[in-house]
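The block underneath contains the structure these notes are about, expressed in C-alpha cells.
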Amino acid sequence: MDSNMNGLAMSNGCEISRDGFFESEEEELQGQAEAWKCTFAFAESLAVKCVVLLGIPDMIAREGPRATLSLDEIVAKLPTESPDAACLFRIMRFLVAKGIFRASKSAREGGAFETRYGLTPASKWLVKGRELSMAPMLLMQNDKTTLAPWHHFNECVLEGGVAFKKANGAEIWSYASDHPDFNNLFNNAMACNARIVMKAILSKYQGFHSLNSLVDVGGGTGTAVAEIVRAYPFITGINYDLPHVVATASSLSGVQHVGGDMFETVPTGDAIFMKWIMHDWNDEDCIKILKNCRKAIPDTGKVIIVDVVLDADQGDNTDKKRKKAVDPIVGTVFDLVMVAHSSGGKERTEKEWKRILLEGGFSRYNIIEIPALQSVIEAFPR
Ligand SMILES: C[S@@+](CC[C@H](N)C(=O)[O-])C[C@H]1O[C@@H](n2cnc3c(N)ncnc32)[C@H](O)[C@@H]1O
C-alpha cells in the first residue's frame with residue numbers, strides 16, 4: 001500500500017481515508033462489505049420469491065430430489081411462449097451463490113458445457129407441492145402487504161402506532177377479513193407452518209394422552225388440531241377462530257370449527273392449545289385471553305402454548321439458556337415481524353412468559369423444547 005500527498009492510503013487504486021474513524025484498512029473494508037450486505041439483504045428473499053412463484057424448485061423436485069435441470073429445460077417448462085432466459089440465468093446465478101440451488105457442469109455434444117441446477121437443503125423446503133413446505137410462508141412474508149409495514153418502523157419508533165395499519169390502513173385481522181386474497185395467503189402460510197411444527201410437537205411432546213377434548217384457540221383453518229386428532233383419535237377437536245377464518249376452513253375429520261372472539265369467550269374443553277397466538281398481543285391482551293382460557297378448562301386442565309421463548313436479555317441471568325433447534329436469531333427476527341404485523345405483540349423471554357401466565361391464572365408451567373423455532377409451554381392452573 002502506498003500513501004499519496006493527501007495522507008490517504010492507496011489500495012488497489014482506491015483511496016482509503018486515514019482520519020482514524022476506522023481502526024484499520026481491513027476494518028474499513030470489512031465494514032463496507034457488511035454495509036453492502038445490509039443494503040441488499042432484501043435481494044435474496046425477493047429472488048427466492050421469484051423462483052418460488054415460477055415453481056422452479058417444484059420443476060426440479062418432480063424429476064427427483066437429486067435431479068438437475070439445465071436452464072433450457074427450466075425455460076421450456078415455463079408457461080409463457082418466449083420467457084427471458086437471460087434474466088432467469090442471472091437470478092439462478094445469484095441463488096447458486098447464496099446456496100439456494102447447486103450448479104454442476106455437464107458436457108454437451110460438440111464439447112460445450114452446460115450448467116445444470118439442482119436442489120439444496122434450502123430449496124427442498126421451497127417445493128410448493130410437498131406436504132411439508134415453507135413456500136407459502138415465504139410468499140406471505142414477502143407479499144407487498146406484509147413488506148410495506150417494515151417501511152414504517154422509523155415512524156413507529158418516533159411516534160408509536162401500528163406499522164401494519166400505517167401501511168395498509170387497517171390492523172391485520174380486520175384487513176384480512178376485508179381482503180379474501182390476503183386472508184387465504186395468510187391462512188395458507190399458517191397452515192404450512194402448523195404442519196411443520198405439529199410434526200415436531202408430536203415427536204417430542206407427550207401431553208395429549210390424557211385429553212378427551214382440546215380447543216385450538218386461534219387455530220386458523222384447523223391444520224394443527226386436525227394433526228393432533230389424527231395422532232390421538234380419541235380426542236374431540238374444536239378449531240376456534242374469527243368467523244371470516246373458519247368460514248374458509250375445509251371440513252376435517254374429528255374437528256368441529258367454531259367462529260368467535262377469544263377476547264369474549266373461549267369454548268370449553270379439557271385443555272386449550274394456542275400456537276402462535278400470544279406473540280400477536282401485548283401483555284394485557286394476553287392476560288385477558290389466558291383468563292378466558294382458564295374459565296374454559298377444569299381445575300385439572302391446562303393450556304398448551306406453542307411460541308418462541310427468547311433467550312434472556314443480555315445481563316439478565318434469571319432464565320436458563322436454552323438449546324434451540326433453530327438459530328435463536330430467527331426468534332428475534334420474528335419479534336420484528338410482530339412489530340411489522342401485530343398491534344403490540346412481541347416474542348418473550350421465560351421471565352416475561354412467567355409473568356403473564358401467573359397473571360392469567362396459571363401458577364405452574366413447563367417449557368418443553370421441540371425441534372422447531374417455537375417451544376411448547378405447558379401451563380396449569382394448580
Ligand atoms: C398467527 S395466526 C396463528 C394461526 C394458527 N394458530 C397457526 O399457528 O397456524 C393467529 C390466528 O389468531 C386468529 N385471531 C386473531 N384474533 C382473534 C380473536 N379475537 N379470536 C379468535 N381468533 C383470533 C387469527 O385469525 C389467526 O388465525
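The backbone N, Cα and C atoms fix where each Cβ goes, glycine too.
Listed in TrEMBL for this protein:
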- 36-128: domain 'O-methyltransferase dimerisation' (DOMAIN)
- 150-363: domain 'O-methyltransferase C-terminal' (DOMAIN)
- H279: active site, proton acceptor (ACT_SITE)
Query raised in the report: Counting each residue once, how many in the domain 'O-methyltransferase dimerisation' (36-128) are helix, strand and coil under DSSP?
Result: 53 helix, 17 strand, 23 coil
Query raised in the report: Do any residues at least six apart in sequence from the residue listed as 'active site, proton acceptor', in the same chain, have a Cβ closer than 8 Å to its Cβ, and if so which, in order?
Result: D307, V308, F334, M338, S342, G345, K346, E347, R348
Requested in this report: Summarise the model confidence on the domain 'O-methyltransferase C-terminal' (150-363) as a single mean pLDDT, whole number.
Outcome: 95
Query raised in the report: DSSP three-state call for H279 (active site, proton acceptor): helix, strand or coil?
Result: helix
